[in-house]
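Engineer: Pasting a structure here, questions to come.
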Amino acid sequence: MSEGRTDGDTWGPAQSVGATATMVAAARAVASQGPDALLDDPLAEPLVRAVGLDPFIRIVEGKLDFPDDPLFNRRARAEQITVRTRFFDDFFIDATEAGLRQAVILASGLDTRAYRLTWPAGTVVYEIDQPQVIAFKTDTLANLGAAPTAERRTISIDLRDDWPAALREGGFDVTRPTAWSAEGLLPYLPPEAQDRLFDNITALSAPGSRLATEHVPDPNAFSDERLARISERWQRLGLNLNAADLFYRGERNVVADYLTGKGWRVTPHPARQLYARNGFEFPEDEMRATFGEMSYVDATLTGGRG
């Protein structure tokens, strides 16, 4: 376990893991700007401004850029977040077109899909995250006059706690196929909690349920050296964050293999292929190459509950 993480630690959108959610929202805001915008997320920028972290505000205002950095220059960051966002957007769109009317966004952070996607009538979208993060986003978007485009139900709980019970108490229907997303989440969970997350998802899923997540197969992706390099880049942005304090390390099960063993039919989508599909050139920076073998994963539950 990272020395900076403790059992039961909590955060809002300006601290610890929560600040990384704001970082992602800032990237979506940048990708949504200008006549050649890659994304359409009009709520990302106001959420970032409401959090109030100066480096992220400067990023969305175009006042902080590192054109010499192949990972953190505005264009590279916009393309990276576009690949990721479009993958999960398309996942939910495809799931609802297949008839699924129940969705769960795990570690929802500042995700705005419950507000910006066109959900079919009768769709219920559950968002699960830390209480402070849920409250902040709900209040901020209400003050902006934004309204969900589906029935949005929030579950304020840490994913290391008994979130399945909280989800059921919130009205989740275990008899209905569900579209699940675990976006940008797994490194923030201990290895055993990652397995438990997928066990719980499987136990809660009716046949035909779908799941989207990511996997980095390189066991050295979060080595001390690489985490130090990530931290250096964050500090260059003016962020007082240490990657080694946020990520849990240790040997993990391969996501695709683990889900297959639980009865899911898994389809991996290598990041390089998704870059090409979106018309982008994959960055050849060493840090980006580390994640070049990363796969976005979608899966469908073929049998009964595990």
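The backbone N, Cα and C atoms fix where each Cβ goes, glycine too.
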Engineer: Among Asp129, Asp139, Asp173, find me the residue Swiss-Prot lists at the same S-adenosyl-L-methionine site as Asp158, Leu159.
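Structural biologist: Of Asp129, Asp139, Asp173, Asp129 joins Asp158, Leu159 in the S-adenosyl-L-methionine site that Swiss-Prot records.
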Engineer: Can you tell me whether DSSP puts Leu159 (S-adenosyl-L-methionine binding site) in helix, strand or coil?
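Structural biologist: For Leu159 (S-adenosyl-L-methionine binding site) - judged by DSSP and reduced to three states - the answer is coil.
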Engineer: For the recorded S-adenosyl-L-methionine site formed by Asp129, Asp158, Leu159, name the remaining residues of the chain with Cβ within 8 Å of the site's Cβ center, in chain order.
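Structural biologist: Surrounding the site, in chain order, are Leu106, Ala107, Ile128, Gln130, Ile157, Arg160, Asp161, Trp163.
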